[in-house]
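Visitor: Annotations for this protein, taken from TrEMBL, read as follows:
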type: REGION; residues: 1-37; note: region 'Disordered'
type: DOMAIN; residues: 58-187; note: domain 'Casparian strip membrane protein'
type: TRANSMEM; residues: 62-81; note: transmembrane segment
type: TRANSMEM; residues: 96-115; note: transmembrane segment
type: TRANSMEM; residues: 169-194; note: transmembrane segment
Amino acid sequence: MSNTEDTAPSKIHHAGTTPLGPAGTPSADVENQTGTGTGTGFGVLGIVRRWEREDLLKKGYVALRGMALLFSLLAFIIMASNNHTDWKKFDRFEEYRYVLAIAILSTLYTGLQALRQVHELSTGKYFITRGTSAIVDFFGDQITAYLLISSASSAVPLTNRLRESQDDIFTDSSAAAISMSFLAFFALALAALVSGYKLSNRSTYI
């Protein structure tokens with residue numbers, strides 16, 4: 001009779017207490033530590049992944065600007081050197097002059113932007129606030145890309161008409177310059193997507 005009374009209390013858990021694990025510590029706290037982002041756990045991993053994603057985004061952005069600069073410069077050089085005998089001179093056609101002018105504008109814009117971004121990546125210093133630069137980048141990319149596709153599209157019909165009568169180095173050079181303008185447009189269009197993403201998250205960069 002006395003043995004039953006002595007062992008009974010040890011089987012009763014008091015209300016409001018937390019069951020102890022094998023080591024005498026609350027088992028529920030172990031699960032809570034892995035789910036929180038204070039100090040260790042998924043919080044640190046999330047920050048590291050975000051830094052890696054932003055670094056990759058910056059490098060990809062600079063690469064797109066570099067490609068746009070290269071294609072714009074090629075379009076400018078090819079069209080400016082497209083001068084041959086008789087009427088085969090680019091400056092005699094308004095469409096080709098338009099292609100050349102926009103190629104020069106795009107070369108200047110992408111060149112300055114590429115230099116600025118390389119300087120920011122290498123030194124960590126910014127000429128203007130990151131929020132303001134996101135706005136400038138977005139609208140600058142949009143406008144320049146629109147002008148590139150506009151100039152290239154306007155010169156395509158003229159080149160096709162000239163090729164119907166005579167297909168030679170003049171029309172081939174014109175087509176090459178137009179192709180470079182299209183490639184510069186695609187590079188800047190992709191850069192505009194990145195700048196749009198940066199603009200949508202501009203509160204992070206202020």
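Cβ coordinates come from backbone N, Cα and C, glycine included.
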Visitor: Which bits of the chain, at least 6 residues beyond where the transmembrane segment (169-194) starts or stops, bring a Cβ under 8 A of a Cβ in it?
Guide: 57, 60-61, 64-65, 67-68, 71-72, 74-75, 78-79, 81-82, 84, 88, 90, 96, 99-100, 102-103, 106, 110, 137-138, 141-142, 144-145, 148-149, 151-152, 155-156, 159, 162-163
Visitor: What is the three-state DSSP composition of the domain 'Casparian strip membrane protein' (58-187), stated as helix, strand and coil residue counts?
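Guide: Output for the domain 'Casparian strip membrane protein' (58-187) reads 111 helix, 2 strand, 17 coil.
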